[in-house]
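Enquirer: Please find one structure pasted underneath; my questions will follow.
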Amino acid sequence: MKHAPFIAVEGPIGAGKTTLASMLAEELQLPVIKEIVEENPFLDKFYQNMDDWSFQLEMFFLCNRYKQLEDTVIHYIDKGKPVISDYHIYKNLIFGERTLKGTKRDKYRQIYHVLTDDLPKPDIILYIKADLDTLLRRIAKRGRSFEEAIETAYLQQLIEDYDAAMASLAIREPSTTILTIDGNLIDFVENREHFMEIASRVKELMQ
Ligand SMILES: Nc1ncnc2c1ncn2[C@@H]1O[C@H](COP(=O)(O)OP(=O)(O)OP(=O)(O)O)[C@@H](O)[C@H]1O
Ligand SMILES: Nc1nc(=O)c2ncn([C@H]3C[C@H](O)[C@@H](CO)O3)c2[nH]1
């Protein structure tokens, strides 16, 4: 890889994206971009009633991430500096396709493409896969009260949506390297060797 890489960590809710991105940033001495969660005024309402709140929520996430990615381009990518993010804006489409219906979904798709088609794609995506039991355990461990209302069927659906989206991305974006991490077997939090294995794979990819 000749230029400074743009690295994104992806995976369904609670997979460990923020945790892994922060650990890698420290180990590899990279700046880290984290998604904004606590200031989101719609998330709580959305988990109580998805049909009523999905459009507001998806638009809020999209605008926030668009701004964050614009800043990332200005401060890092255009200056040739490597950076790691705990999400990729592509996740908006994964969620939007799942939570929106009918004309709102059509409008959202169009807005998504207008905003993002010319933005840089990550060079490396670390895709953390995990099964439903693992995700439910981690979401419970984190203990955000508004996430108690997450339905298992929704989470299971997202696991499948992520798998399909990553498979399609691998075909459409051959310049993005996707490194899949089995989040059920590889415990980068408790097992230092597991973490160092991931860190050295990323270092190799950055060469
Ligand atoms: N490999 C792991 N082993 C044990 N616990 C983990 C592991 N990865 C993450 N956790 C824990 O699981 C919880 C969720 O992790 P984290 O917040 O990093 O997930 P996330 O993918 O960023 O979530 P979200 O999709 O909501 O942004 C945290 O409490 C974290 O400490
Ligand atoms: N509907 C929807 N669309 C998104 O783009 C999106 N991104 C994150 N989330 C939810 C997952 C966690 O609860 C919490 C923190 O990641 O926010 C989303 N929900």
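Even glycines carry a Cβ here, placed using N, Cα and C.
Bear in mind that TrEMBL entries carry predicted annotations, made automatically and left uncurated.
Residues or ranges marked as active site, proton acceptor by TrEMBL: ASP86. The feature ATP binding site is assigned by TrEMBL to GLY11, PRO12, ILE13, GLY14, ALA15, GLY16, LYS17, THR18, THR19, ARG138, ILE139, ALA140, LYS141, ARG142. The domain 'Deoxynucleoside kinase' annotation in TrEMBL covers 7-206.
Can you walk me through where each of these features ends up in the structure?
Expert: Taking the Cβ of ASP86 (active site, proton acceptor) as reference, residues of its chain lying under 8 Å away and at least six apart in sequence are, in sequence order, ALA8, VAL9, LYS17, THR18, LEU20, ALA21, SER22, VAL32, ILE33, LYS34, GLU35. Classification of ASP86 (active site, proton acceptor) by DSSP places it in coil, neither helical nor stranded.
According to its DSSP assignment, GLY11 (ATP binding site) is coil.
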Enquirer: Provide the number of Cβ atoms within 10 Å of the Cβ of ILE13 (ATP binding site), excluding the reference atom itself.
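Expert: Its Cβ has 19 other Cβ atoms within 10 Å.
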